[in-house]
Amino acid sequence: RRSGNYQPTMWDFEYIQSIHNDYAGDKYMKRFNELKEEMKKMIMAEGSQELEKLELIDNLQRLGVSYHFKHEIMQILSSIKQHSTPADSLYATALKFRLLREHGFHISQEIFDGLSETHTKDTKGMLYLYEASFLATEGESELEQAWTEKHLREYLKNKNIDQNVAKLVHRALELPLHWRMLRLEARWFISFYKKRQDMIPLLLELAILDFNIVQAAHIQDLKYVARWWKETGLAENLPFARDRLVENFFWTIGVNFLPQYGYSRRIETKVNALVTAIDDVYDVFGTLDELQCFTDAIQRWNTDELDNLPDNMKMCYFALDDFINEVACDALIVPYLRNAWTDLCKSYLIEAKWYFSKYIPTMEEYMDNAWISISAPVILVHAYFLIANPVNKEALHYLRNYHDIIRWSALILRLANDLGTSSDELKRGDVPKSIQCYMNEKKVSEEEARQHIRLLISETWKKLNEAHNVAAHPFPKMFVKSAMNLARMAQCMYQHGDGHGGQNSETQNRIMALLFESIPPA
């Protein structure tokens, strides 16, 4: 038996159950609702200039409170789309372009014709053009990032610069806004916004209250899934596997933080925890014969295949079977959930066969399997049934065949995972990842391979943007947002290495800030 050499969890059951949050219950709701009504009046106030409205919407989004004002925001953006005249500044044009695209409005890259070349000294405009460029789709050459990135890097070398702009530039170059996890961005931006001279006290108070109230709801979700995880006994009986319940819950906040989706977060945390455990059965524990038997049992959903397996592998099977029966209150859903889990386990088995035979697949072979083995299809199939009401027959067809929205989200998750984890996994003796496959196939250095993977991520984001913009799919908006948020969460979790299995300090700090530390009142 191999060993994953994983560290124990940092957050045990007793710690999670002991967490107290002052913002639970209705204590602060009266003040919050008052602030919300005042904010609605401000958003819809007559006489505001177009740019002022766009800046307010941008701040609402970055502070994490725009979901309270969806109707008002769409009303303003619809009006801007219909009646807007070309802006004379690069900054205003780029902000308008990004916000309209984010909200599903068709807006052409031609809006920038003649602007970008004449505004190279407008650093704020260049920053907003850089951020807008990440909403590009394939073939939109006007929105290439290279020259704006070069300009922004040069700007940071200057001594006498606007420190607020410099912070935003540095953050954008580290990871663009479109790729960032929404709730972490809100946590950071609240601190940034608090120090701005144009800060609106009403909006700041609303954002802080909202963050803390939502955080309290998340903690209740976490306590629930911690009790479930303890009851499964998997952490104790699978000592070779990653015990990462809090990290698994952290993923679900990235996918959908909205307080009313607590049930979805609880179910998706269970999905993530079972995926992590079963992944480690294939990667670390099982022999090839055992893994073949386990896969056969999953494929047939028949316990006869389990007879010769170790008890802890049987335990995994029964935990998964119990979970599917718990979730699928509608019998029609069961085949779709089982198919997704079967596809996942079959992809794990392919990787196990490569490992035991010491085979290095071609890049194409690897990628054809790896976008499934990263588990995004399983996660998103469950997400659909948790969001869609009623279920759409056409959507079920696209779901079973993994629509491009699922496929591109999965591919970003896979590639980001490979960038963050491949070094550690090779030390453990894992199957080669995309980096090693590309190095072997193209005879290039590791850094060249990593650069190629980064390029693939950028190109895949363009495809995901395109899939998001296409109206001809039967999925609810919230499902499409969840797929995009899963890709964002991948960028977050693997930005500084293996944030899921490795428990690096950056991920620990992010989890603490998001789950366990409230923001003090302004």
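Using the three backbone atoms N, Cα and C, a Cβ is placed for every residue, glycine included.
Look at Swiss-Prot and you will find Arg242, Asp279, Asp283, Arg414, Asn417 tagged as (2E)-geranyl diphosphate binding site. Reduced to three states, the DSSP call for Asn417 ((2E)-geranyl diphosphate binding site) is helix.
The Mg(2+) 1 binding site annotation in Swiss-Prot covers Asp279, Asp283 and rests on similarity to another entry. Applying an 8 A CB threshold to same-chain residues 6+ apart, the list for Asp279 ((2E)-geranyl diphosphate binding site) reads Tyr348, Ser375.
The Mg(2+) 2 binding site annotation in Swiss-Prot covers Asp279, Asp283. According to its DSSP assignment, Asp279 ((2E)-geranyl diphosphate binding site) is helical.
Under the heading Mg(2+) 3 binding site, Swiss-Prot lists Asn417, Thr421, Glu425. The 10 Å shell around the Cβ of Thr421 (Mg(2+) 3 binding site) contains 21 further Cβ atoms across the protein chains shown.
Annotation source Swiss-Prot lists motif 'DDXXD motif' at 279-283, citing a curator's inference. Long-range contacts of the motif 'DDXXD motif' (279-283) within its own chain (CB-CB distance under 8 A, at least 6 residues past either end) are made by residues 4, 238, 240-242, 291, 294, 313, 316, 345, 348-349, 351-352, 375, 425, 428, 430.
Following the DSSP three-state reduction, the secondary structure of Arg242 ((2E)-geranyl diphosphate binding site) is coil.
Packing around Arg414 ((2E)-geranyl diphosphate binding site) is summarised by its Cβ count: 27 other Cβ atoms lie within 10 angstroms of its Cβ, all protein chains included. Comparing Thr421 (Mg(2+) 3 binding site) with Arg242 ((2E)-geranyl diphosphate binding site), their Cα atoms are 14 Å apart once rounded. When other Cβ atoms within 10 Å of the Cβ of Arg242 ((2E)-geranyl diphosphate binding site) are tallied across all protein chains shown, the result is 25.
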